[in-house]
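Taken from Swiss-Prot, the feature ATP binding site applies to Thr58, Val59, Gly60, Gly61, Ser62, Gly63, Lys64, Thr65, supported by sequence analysis.
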Amino acid sequence: MQVLVNKIWYEGHPLRWLLLPFSVLFALITAIRRSLFRLGLKSQTPLPVPVIVVGNITVGGSGKTPTVIYLIELLRQQGFNPGVISRGYGADIQGVKVVTAADSAASVGDEPAMIVARTGVPMVVGAKRVDTAKALLAQFAVDVIICDDGLQHYALGRDIELVVIDGKRGLGNRHLLPAGPLREGAWRLNQVDFVVVNGGPAQANQYEMQLSPSAVLPVNPKAVAVFDPTQPVVAMAGIGHPARFFETLTQQGFQLALSHGFDDHQAYDKEVLCELAASRPLMMTEKDAVKCRDFAQENWWYLAVDAKLSPQFDQQLLSRVRSVAAAKQGKSHGV
């Protein structure tokens, strides 16, 4: 199914024309929803600290999670205490839940498990972003909130909107769902504060981001094996665009005996992956690794990657955060 969807969205498959009437309906529904917030018929909840929303206008992976991790580290370096909120996609969460390093990806979601495993940041997940933000502020001394994937969740007040675009696939056929991959029209890019292009050329007023491989690490934290870079590996990826990961491995000099793409947010079975690897080293993404660490074999590995953005982006982002923080502090003191 995903193969057909990709052909419709990114390769000009003629089935898109049959889906266009549904895209028109989707556009109407989303326009009405935005109007309800704009007219004040639905309320947006402001928060006492700067809120950065990291999202996209397309369905599927674009590099949001590495961007969130980059922002966490950038803000910490400048003396801020950031916290993160997320939906926890794929997990059955009742109300809100604080994410800990001991939580499984199944219980909190792939991305939250990865973010907390990598950074140890205070993080709360739940279906309603406003509730997660309030819980985060109530339980942790955070002074900036990063919302992982909440661009279309308009009930959450936000001060900075950052959109991440897949530099290889762009906006596809530029149609709204279901004929195309867009959650909102391309016009939305003109309204956000920052547009980050992952792995492709940036246009004027956009920022280029590269994902730089940093280390090959064992999926099983107790493993004592040493990775042999001369041995062919079986590559797997359950992300929005698996081909991007396989290309990265090839560019880094890995020999791929086999590559297999799974659906995004795929739940994995130990026996299936053991059969796939067939005693060869199994190489996966960091997001896949958090779902496999409890049953990982000695020769299962993941490639950690770090987002790289320009000093100009850092300067502009930090300037905006400081400005918003000062304004909110002044308002809280009646200035």
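Just so you know, glycine gets a Cβ as well, placed from its N, Cα and C.
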An 8 Å radius from the center of the Thr58, Val59, Gly60, Gly61, Ser62, Gly63, Lys64, Thr65 Cβ atoms defines the neighbourhood of the ATP site; name the other residues of that chain inside it, in order.
Asn56, Val164, Asp166, Gly240, His241
Provide the number of Cβ atoms within 10 Å of the Cβ of Gly60 (ATP binding site), excluding the reference atom itself.
18
Within its own chain, what residues at least 6 apart in sequence put their Cβ under 8 Å from the Cβ of Gly61 (ATP binding site), listed in sequence order?
Asp166, Ile239, Gly240, His241, Asp264
Report the same-chain neighbours of Val59 (ATP binding site): residues 6+ apart in sequence with Cβ closer than 8 Å to its Cβ, ordered by sequence.
Leu177, Pro181, Leu182, Arg183
